[in-house]
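Participant: Feature list, courtesy of TrEMBL:
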type	residues	note
DOMAIN	B:17-132	domain 'Acyl-coenzyme A oxidase N-terminal'
DOMAIN	B:134-236	domain 'Acyl-CoA oxidase/dehydrogenase middle'
BINDING	B:THR138, B:GLY177	FAD binding site
DOMAIN	B:278-439	domain 'Acyl-CoA oxidase C-alpha1'
ACT_SITE	B:GLU424	active site, proton acceptor
DOMAIN	B:480-656	domain 'Acyl-CoA oxidase C-terminal'
2 protein chains.
Amino acid sequence: MEEMDHLAHERSKAQFDVDAMKVVWAGSKHALDVSDRMARLVASDPVFRKDNRTMLGRKELFKNTLRKAAHAWKRVHELRLTEEEASMLRLFLDEPSYVDLHWGMFVPAIKGQGTDEQQKKWLPLAYKMQIIGCYAQTELGHGSNVQGLETTATFDPKTDEFIIHSPTLTSSKWWPGGLGKISTHAVVYARLITDGKDHGINGFIVQLRSLDDHSPLPGITIGDIGTKFGNGAYNTMDNGVLRFDHVRIARNQMLMRVSQVTREGKYLQSDVPRQLLYGTMVYVRQTIVSDASKALSRAVCIAVRYSAVRRQFGSQDGGPETQVIDYKTQQSRLFPLLASAYAFRFVGEWLKWLYADVTRRLQANDFSTLPEAHACTAGLKSLTTSATADGIEECRKLCGGHGYLCSSGLPELFAVYVPACTYEGDNVVLLLQVARFLMKTVSRLGSGKQPVGATAYMGRAQHLMQCKCDVRGAEDWLKPSIILEAFEARAVRLAVNCAQNISKAASPEEGFSELSADLLEAAVAHCQLIIVSKFIEKVQQDMPGPGVREQLQILCNIYALSVLHKHVGDFLVTGCITPKQASLANDQLRSLYSQIRPNAIALVDAFNYTDHYLGSVLGRYDGNVYPNLYEEAWKDPLNDSVVPDGYHEYIQPLLKQKIRVSRL
Amino acid sequence: MEEMDHLAHERSKAQFDVDAMKVVWAGSKHALDVSDRMARLVASDPVFRKDNRTMLGRKELFKNTLRKAAHAWKRVHELRLTEEEASMLRLFLDEPSYVDLHWGMFVPAIKGQGTDEQQKKWLPLAYKMQIIGCYAQTELGHGSNVQGLETTATFDPKTDEFIIHSPTLTSSKWWPGGLGKISTHAVVYARLITDGKDHGINGFIVQLRSLDDHSPLPGITIGDIGTKFGNGAYNTMDNGVLRFDHVRIARNQMLMRVSQVTREGKYLQSDVPRQLLYGTMVYVRQTIVSDASKALSRAVCIAVRYSAVRRQFGSQDGGPETQVIDYKTQQSRLFPLLASAYAFRFVGEWLKWLYADVTRRLQANDFSTLPEAHACTAGLKSLTTSATADGIEECRKLCGGHGYLCSSGLPELFAVYVPACTYEGDNVVLLLQVARFLMKTVSRLGSGKQPVGATAYMGRAQHLMQCKCDVRGAEDWLKPSIILEAFEARAVRLAVNCAQNISKAASPEEGFSELSADLLEAAVAHCQLIIVSKFIEKVQQDMPGPGVREQLQILCNIYALSVLHKHVGDFLVTGCITPKQASLANDQLRSLYSQIRPNAIALVDAFNYTDHYLGSVLGRYDGNVYPNLYEEAWKDPLNDSVVPDGYHEYIQPLLKQKIRVSRL
Ligand SMILES: Cc1cc2nc3c(=O)[nH]c(=O)nc-3n(C[C@H](O)[C@H](O)[C@H](O)COP(=O)(O)OP(=O)(O)OC[C@H]3O[C@@H](n4cnc5c(N)ncnc54)[C@H](O)[C@@H]3O)c2cc1C
Ligand SMILES: Cc1cc2nc3c(=O)[nH]c(=O)nc-3n(C[C@H](O)[C@H](O)[C@H](O)COP(=O)(O)OP(=O)(O)OC[C@H]3O[C@@H](n4cnc5c(N)ncnc54)[C@H](O)[C@@H]3O)c2cc1C
Ligand SMILES: [Ca+2]
């Protein structure tokens, strides 16, 4: 009975080859193989269990995370895992820790901003984890505005040192992950001052703690910034606070790849172009887009499976009730998210290619595509993380009351995911950057210089400003060319409208700021177009396995038409489509939901997630939800005793009312 | 310095009388006085402190909640508080507990469904808390579909008893608050069976635990269902699981106001109409709408104040940076939520009146308005709770990184609030009920029977189906009649469109289910119209205090036009407005944001919330955010020691790499 697959019937309905789809989702047969092996390795190791995580107090939780990280490091070496395998293992470990910042920010910062000599000195130590580093940029008073950071690094020519100092309370470093309790070193961003002159923000490698006994070095105050959103979640991470009281470091600990301070205290720019730094941002944000598809697909996997298990209403003659996944309202909330998970996966894959392409060009001193690539990744980071955060919470609601239990996995998934909307660039601030880029692109139209990359469509602005949508029947909305043109026309028209309205303002800056809410919408339209177009391109590729392409085609259309439905105002206001065409799109969408329905379970199976990684009783592969929910409940600490602690002091006197009743 | 009001300058900019607005918000001078006194009483009592709540483990947290509840009970009696005062005190205590279900569900269930005799027996015990009760309806397998509950209550004529039994795992009671650890009694909903015949779901008073030692009575298995979303939050509540193994209760413990079982086992309906039960639902849901405005206004208060404190970018010549509240994007996200808080407050007030009106009519045997009132409260419950949940999270994001800290108060506010979208009726299921009512109303148009109450506008369907919006300039969008007609036209047209499409289907049921996603949108449009129209009515009332009406007028317009902007697709698809008019609405909205800006801080001051109730470092009245954030951080358990627990086992060996490096 326990071994029964309650979803077997659902699986038998699939109209495509699930194993082939697994390869498509993973990216390649090799990638699937690696991720499958690493996922199982983690799932089978008791040290990596996480089902008790939401019940632990902060200290216990944190200690356990340290234990897991150390164990992972040990396994990586025992098994001689490749770098690819090791990073997959860390992914499936599924627990934020200092390790993420060490590999994800500290090492890349040194690689990107350190001289060859600096890299030679620091990277081997970091690779062996003989030092542990974090990325200390944000301060109490400044996050988005990096140029406003207040920490100072003043060069002292007498001793050939920098004096790192926190001159105000708001200059305290605040938020860096791994800083609070673990890191021995940090890349600290500070305002460089030589000879009384302020040269702006630069990075410095600063040792924070003794390598002997881990105590903070003299002049350094350091701690954790406190509990964050959710049970478990990001509380496994020691986001920290850090203050410097005139801490001295050697001059060669300034990261000097793009600018230097000489022994005499002269500030020099090197001939390495500053834009290189943008390359790193493109890299980091591209990984965030790829994480978005992972997080969203996990939530969708849970909600789809549970929606097939859950039955409510509609029993006829004592037969089983309706599976809630068969309600059109459930479908209209759930299937666009399923489609989005696939859409984000493919646009993430494309971004990975884009990063490789940009890197190749940079190495050949070709900077021409960098601004566009930078705007594109900024926008996609913003769009995919916002949609994922909202999507996880929608999946939670789709599970009804049970989604509110930690054992559903969804509360923690949400809480651990949402800061992605804020870190690595606040999503609104990023969209404004995209908008700025779009306005620049519009202003150059007609100058002869053709827009490149994902803005190439703007080169056809003249056509797109006045084209008419050819949809006559609902099935016309299945044509990629029609969908694409509608999205392109909407994006161009919104951008051009904004540009025209800005030009009416007293100054471009004033116009931009006055119209910035509209500009956000134009930026979103541009990014949604990119996602739709990359999904369409993906579906046109060679695709092995029966039925695979057909399913992706349906998902692609669901993604495009559900976005169109949600933002139909944009399409109508700009005259891209007519009300009648909007309503035909809606009809088509309903029909697509019916087509995807029998494949829904298999489409989330294709993510190939273990029950360990999902971490959800509702999302179990075997659909055996109820007995396991019931069992989970009893593990709560409150169930340690039948009569709860506090009963004798606070409940019994109430029930007995010895004193107070007489007073009534 | 600590005593300085960092927001004094903001407060001085207000263009209205804040004290007068406080009265408007509270509802009356008396209500303001009571809430003010009770808020201060709670804030000044150290037992009621809650700033450490998010750091406590489940057991400690729970025990502390019991302590607070007992202390509150004691204070209520010592101070001889009125019922109004006592309920305000519980509100400001701001911590879910068994007390809520006892007063909010157990007592009302007995009042509503018990006979006079039953009320006489049970209510005095409940009033004195000599018994503590909960409301045990939902089961593991059934929540929304109450008629599908599986627990049985089988009459045994031999002993004149009911046998309460849980025949399946999924029949386990699951979710009732207060059940897990505290309640001595429950109103249990079970399938009544007499003589082999199933009479559907009825309520029974069942004792669960011994009044002597609190141990579960024979045949009863009971526990807590485990950790829920968020730190602190709803984990102060013992939502419970409950199984019965043939538990016997006396026949007179069935709640017999609307149906009875005789000594012989005959099932009878009394002459009290069943609809009475809907009255209770109207009551409970009306309180939920009122809670929505409270929760949203708290979040908005925090985000507005912090947005005035927070500065980022835009410093000119070393002067202070721009307050983020001055960015148009921030305003376009924040001010509609501020307006919504006021809108929900006023529609909640109106619902309170509606409930009183329905009750008066019921007592006079007039059931005519009940279905409309029922649909109306169901819809408003759904709309306001969904908007509030989303709004709280948006406020959190509006605070950037710092909003992710528990000390901001926003994570807990979100986590404790979101289940309101699910309990007392899943929000989608409720909207479908509204849609059903709308379809019925549409089908009766032309039958001569005029729609009543909040659907009265549908009586003018003929006009509304073809009227044209008169807006020519942006300022036309300030006219209440124009706004109202646009919202009415949209609501009617969406509803009539749905009805027409349904009529094309094979059967009305099929059509309804096939089109249910569209029906949700029609239901939402109807509910938004109600909120807009009640806000407009409110603004037209007498309003003392200079500037008060003007500010409410602006907020009312912001609410209406921001809803219009968000759903502009509806208005355009149905031809209620033209693209040009949509764009004029947008222009007007921008101007309204500028008008409300100088009043924003004073408008949240008017909520009159204490710093204790807000529970947010970012939302402090004095705006002194940074030193307090800094201080809060050090209270985290992780900061108990400089070197964290786990360092020696899991970090030092890594840094020293004694064994493993040699293997590399
Ligand atoms: C979990 C987590 C982990 C983190 N890890 C690290 C780390 O390892 N290292 C590190 O250095 N930092 C880290 N951070 C900090 C993070 O990078 C910042 O929080 C982020 O950059 C946002 O900045 P902020 O908090 O200052 O937001 P703010 O800029 O204060 O944002 C507040 C509001 O103002 C708005 N706003 C700001 N500027 C503008 C503008 N110009 N126009 C319009 N609106 C504007 C925003 O949209 C937002 O609504 C982390 C943060 C979190 C939450
Ligand atoms: C914090 C909390 C406290 C609670 N307290 C109590 C309590 O004190 N006492 C008590 O008895 N219960 C309590 N409950 C239970 C609560 O009343 C139920 O969770 C709620 O009624 C929703 O039902 P469900 O969980 O079965 O959701 P489900 O009905 O299973 O919903 C799952 C999904 O199915 C969809 N769906 C369901 N039916 C339909 C339909 N006909 N058409 C379209 N879609 C549909 C829903 O929209 C949802 O997306 C509590 C729940 C929570 C979370
Ligand atoms: Ca829209």
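Just so it is clear, glycine is given a Cβ too, placed from its N, Cα and C backbone atoms.
Please treat TrEMBL annotations as automatic predictions, because they have not gone through curation.
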Participant: Counting a contact as 3 or more Cβ pairs under 8 Å, with residues at least 6 apart in sequence, do the domain 'Acyl-CoA oxidase C-terminal' (B:480-656) and the domain 'Acyl-CoA oxidase/dehydrogenase middle' (B:134-236) touch?
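Facilitator: Contact absent: fewer than 3 Cβ pairs fall under 8 Å.
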Participant: For the C-alpha pair, I'd like the distance in angstrom between the residue listed as 'active site, proton acceptor' and B:THR138 (FAD binding site), rounded off.
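Facilitator: Cα-Cα distance, the residue listed as 'active site, proton acceptor' to B:THR138 (FAD binding site): 10 Å.
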Participant: Under the DSSP assignment, what numbers of helix, strand and coil residues are found in the domain 'Acyl-CoA oxidase/dehydrogenase middle' (B:134-236)?
Facilitator: 10 helix, 45 strand, 48 coil
Participant: State the count of C-beta atoms found within 10 angstroms of the C-beta of B:GLY177 (FAD binding site), not counting that atom itself.
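Facilitator: Taking all protein chains shown, B:GLY177 (FAD binding site) has 25 Cβ neighbours within 10 Å.
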Participant: Taking DSSP states H, G and I as helix and E and B as strand, how many residues of the domain 'Acyl-coenzyme A oxidase N-terminal' (B:17-132) are helix, strand and coil?
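Facilitator: Going by DSSP assignments, the domain 'Acyl-coenzyme A oxidase N-terminal' (B:17-132) contains 90 helix, 0 strand, 26 coil.
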Participant: Can you work out the mean pLDDT of the predicted model over the domain 'Acyl-CoA oxidase C-terminal' (B:480-656)?
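Facilitator: Value for the domain 'Acyl-CoA oxidase C-terminal' (B:480-656), mean pLDDT as a whole number: 97.
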Participant: By the DSSP assignment reduced to helix, strand and coil, which category contains the residue listed as 'active site, proton acceptor'?
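Facilitator: SS state of the residue listed as 'active site, proton acceptor' = coil.
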Participant: Which ones in the same chain are close to B:THR138 (FAD binding site), with CB under 8 Å and 6+ residues apart in sequence?
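Facilitator: Residues satisfying the criterion: B:LYS173, B:TRP174, B:TRP175, B:PRO176.
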